[in-house]
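Step one of this worksheet: look at the structure below.
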Amino acid sequence: MAIRIKDVDRAARSAWHRAADLGFLRPPSPENEEFWRPVFSSRGHRLKGAFDGERCVGTLRSFPMEITVPGGGAVEADAITGVTVLPTHRRQGLLTRMMTTELTEAVARDQALAILISVEWPIYGRFGFGPATFSAEFDVDCARGGLRAEVVDWIDRAAGTVEIVDAEEYAKAAPEVHARFRARQVGAVERPEWRWQMMTGQRPHPVHKREGAFYVLHRDSSGRPTGALTYRIEDKENWIGGVPQVRLKVDDLIVGAERARDDAVAAAALWQYVTSVDWIGTVSTGGRSPDDPFPLLLEDARAARRVGGEDMLWLRVLDVPAALEARTYQAEGEVIIRVEDPQGHCNGSYHLEGGLDGATCTRTTQEPDITLPVDSLGTLYLGGESARRLQAAGRLAEEWTGAAARIDTLFNEARLPWSPDGF
Ligand SMILES: CC(C)(COP(=O)(O)OP(=O)(O)OC[C@H]1O[C@@H](n2cnc3c(N)ncnc32)[C@H](O)[C@@H]1OP(=O)(O)O)[C@@H](O)C(=O)NCCC(=O)NCCS
């Protein structure tokens, strides 16, 4: 029987959940279905399934989600997740059919971007997605000294406070910190209510448990919450020869002060806190921005050893003029970009004229300065990748020497984009 791709109504939701659990190599879990029930009923949520008769054998979920772009604007993207195909039906083109339908529908909804987090590198490039943010994980060896003395002075002079709070107080204060964080962090996405509930144990997620979490708030000298930290303790029994080797695992550390220039001191205070908890041998930072300045706060920056991190958010441009006009550029300038899109949504040449205050972007028949596949445009879009690097990797072609450098002058951001949240 032919396999059909269709929207999943309430009656078929259990079959969809079962397939998603199996696809992610988990035994089917009614608790998981229960957790997601209210979320899936919320505005804009869409479930797609591949159905072999009545059996769901492939899954895809999407919903609208804001992402911060260079300049601080928030663009509503089509966030795609829950992508699975059962092992019995893999490599028969089902993902291709679900994704093709999803992207076509996102274009019809006038969504300029689609975003996702890819579990494996080779899956989504063929659908026009490019890696757009990256993360870096560090293990900090606390025995090699804490923060530099002048950083400690700086924290003291700012006269903020660091307080361990309960989950309830954290849940009240942290969203305000996140709102300011997200407005300034290119690549950051919204944190929906369900994610806060999951993080604070209000609605524990049956798979991604956060048992034993500690909650900490940083407040500025006026008492306003400016930093939010959650962590857990691992290896509590790990004492060797009477010396503790306990690990502190940071789940989330974000800052959002009233003024951008006060973010750094709030972050320093939270790093000071985590690196000075008694018994802790190692602080495991979780995913940070690859250019997070925190190692430079340390007496010995090599005490922060990079232990992991990879591509995080993948981005697909669906509407070139809308996407390129939504962001700002680091210099005044213009460029003609030819985009090649295997799915056909963005094929063509575009004249971009941009600057610090915004941009105009229109279709053109003029000769291009550069030609690139749409996945490379996704990689460049948030300003975290260099066009010259993509050119060297054969992912972008210059029509004249120096065209990629001009793209970099316009597109690159002083700080890397970062997306701490999964979805
Ligand atoms: C990833 C997954 C959804 C792919 O589904 P699928 O229906 O097998 O994919 P398709 O048949 O449409 O594959 C399309 C193309 O992508 C390639 N491809 C798909 N998944 C791939 C992977 N994980 N690694 C490398 N290539 C992959 C296929 O080989 C095929 O290439 P071809 O057109 O050159 O033949 C499926 O393997 C799966 O459920 N994996 C486990 C869960 C998972 O990883 N989900 C993704 C979460 S982000």
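Every residue, even glycine, has its Cβ placed from backbone N, Cα and C.
TrEMBL annotations:
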- Tyr124: active site, proton donor (ACT_SITE)
- Phe423: active site, proton acceptor (ACT_SITE)
- Val83, Thr84, Val85, Arg91, Gln92, Gly93, Leu94, Leu95, Thr96: acetyl-CoA binding site (BINDING)
- 3-158: domain 'N-acetyltransferase' (DOMAIN)
Please report how many Å separate the Cα atom of Val83 (acetyl-CoA binding site) from that of Tyr124 (active site, proton donor), as a whole number.
11
I'm trying to understand the geometry here, so how far is the Cα atom of Leu94 (acetyl-CoA binding site) from the Cα atom of Tyr124 (active site, proton donor), in Å to the nearest whole number?
13
For acetyl-CoA, with binders Val83, Thr84, Val85, Arg91, Gln92, Gly93, Leu94, Leu95, Thr96, what's the maximum Cα separation in whole Å?
15
Please report the distance from the Cα of Thr96 (acetyl-CoA binding site) to the Cα of the residue listed as 'active site, proton donor', rounded to the nearest angstrom.
10
Val85 (acetyl-CoA binding site) to Tyr124 (active site, proton donor) - Cα separation in whole Å:
14
Give me the non-local Cβ neighbours of the residue listed as 'active site, proton acceptor': same chain, 6+ apart in sequence, Cβ-Cβ under 8 Å, ordered along the sequence.
Met65, Ala79, Thr81, Ile117, Val189, Pro192, Arg195
Out of Val85, Leu94, Thr96, Tyr124, Phe423, which recorded positions have CB atoms lying under 6 Å from ligand 1?
Val85, Leu94, Thr96
Could you state the CA-to-CA distance between Gln92 (acetyl-CoA binding site) and Tyr124 (active site, proton donor) to the nearest Å?
16
Take the Cβ of the residue listed as 'active site, proton donor' and count every other Cβ within 10 Å, whichever protein chain it belongs to.
24
Helix, strand or coil: which one is Val83 (acetyl-CoA binding site) in, per DSSP?
strand
Cβ atoms other than its own within 10 Å of the Cβ of Val85 (acetyl-CoA binding site), all chains, total 21
